[in-house]
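Below is one structure; the comments refer to it alone.
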């Protein structure tokens, strides 16, 4: 008989599971059942490790992996950490949790869907406590899972989705898309009989699907570990094919999804706790630390974190948007410009980068690139000039008090007797109206000019100032002016009418220019 652990007709080799043949026999392999194939090198004793395991005894996960598990064909699970870290281990404080639909009542909110996305009704059976889909044609229908199975199901990675299913007739043609997962613009599917499941028949059978990217679980298309996690992180649909042939029915029961949650219970060792590099924090390195921000906010937790760039005007920024908490009178996402009312180069990184604009309150300013001259912009209404020191056209005053007390610029008051489109309607310092129209004049265009009469303030231009039109023969000194109120011209003796254009009754010879003569009648 051979020594312990030795085999062969001549006792000249070690049995499987043993190594190092000596006169005393062979020594048993000291291999971790979780991390090895239970075989070792017959000469050295080095155990044959699963893919993601290392060590003489295959008792530790490789760098970038965690949770040495006898049920995992690869031995260990890759760290996810939103791809920011390759160092992780099993998180403490998480326990196994199951999301389930037992269909004891008609309140599970499962729905039905055709392959084209249109809705079909799902039937619930009180006696069978199951739901069913009934098809008239070959086109498949799907059971669609309710909200509680969706959302962030990252903690279901590597765990099982199980369900009970039967059909009412054997004529079942399976497809590559009997179970479909959708999320994060990704989509994977498997046939019902994948992962060692039986063909469906008239009896309820349990179907188990492991949510894992390994080729042992043929989800198609094949996606990477991180993409499978990304899909589960934002799971938007679980669809289970319910009908497989024409005029047939499919029955679904006891759907359950194994996941994890914080709290006491059976430990969920598959939940990762990442060791984050500088700039990251959170269980999965899903957040940026203080002083860091997302480089690409649209990527969410998948975005790299980078130092806040605040041009020396803040140490902190919003970790999600990157917006800095700017000081030193700066503004912008990165404090890269001066805030309104200040000017300078905010990117120099000193506390004095931004100086107050030499402008009235509320005005902004800019630096002329060539001359470096500071010019006010957005001056208060009615003001203009490099320092807002002048009144704008149509306004008057002395905003900076250059000629005495400061007077704010006010709109010129010209009694609506100017052309609003004209330039230079009034004196910018005194407010005197300079371009009266409608035959008006005066400081405010508020009276009729010489040779005209009427109401300069009338609202209708036709009612304003009319010409005197005095008769040159009947007017004293051939004057052209008249009373500005009544329009009465100054008439020569014995001359009548407003415009002195006729002799009084009993008088004649207006054309003499010396007044009218009495009629010399008998």
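Backbone N, Cα and C atoms are what each Cβ position is placed from, and that goes for glycine too.
The shown structure was predicted, so the numbers you read here are calculated from the model rather than taken from an experiment.
Annotation note: residue 11 (disulfide bond) sits in a coil segment as assigned by DSSP. For 2-11 (among others), the entry in TrEMBL reads disulfide bond.
Sequence-distant neighbours of residue 58 (disulfide bond): residues of the same chain at least 6 apart with a C-beta under 8 Å from its C-beta are 31, 32, 35, 36, 47, 48, 49, 50, 75. According to TrEMBL, the disulfide bond annotation covers 49-58 (among others).
Marked as disulfide bond by TrEMBL: 326-335 (among others). Every protein chain shown contributes to the tally, and the Cβ of residue 326 (disulfide bond) ends up with 23 other Cβ atoms within 10 Å.
The annotation disulfide bond is assigned in TrEMBL to 491-500 (among others). Neighbour count (other Cβ atoms within 10 Å of the Cβ, all protein chains): 23 for residue 491 (disulfide bond).
Look at TrEMBL and you will find 1-28 (among others) tagged as domain 'Laminin EGF-like'. Sequence-distant contacts of the domain 'Laminin EGF-like' (1-28) (same chain, at least 6 residues past either end, Cβ-Cβ under 8 Å): 38-45.
Per TrEMBL, domain 'Laminin EGF-like' is recorded for 29-78 (among others).
Taken from TrEMBL, the feature domain 'Laminin IV type A' applies to 105-273.
The domain 'Laminin EGF-like' annotation in TrEMBL covers 308-356 (among others).
Averaged across the domain 'Laminin EGF-like' (468-518), pLDDT in this predicted model comes to 94. The annotation domain 'Laminin EGF-like' is assigned in TrEMBL to 468-518 (among others).
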What are the non-local neighbours of residue 335 (disulfide bond), defined as same-chain residues 6+ apart in sequence with CB under 8 A from its CB?
310, 311, 312, 313, 314, 324, 326, 327, 328, 346
Which residue, of the disulfide-bonded residues 2, 49, 500, has its CB surrounded by the fewest other CB atoms within 10 A?
2
How many Å lie between the Cα of residue 500 (disulfide bond) and the Cα of residue 11 (disulfide bond)?
156
Identify, in sequence order, the residues in the chain of residue 11 (disulfide bond) that are 6 or more apart from it along the sequence and have a CB within less than 8 Å of its CB; answer 'none' if there are none.
2, 3
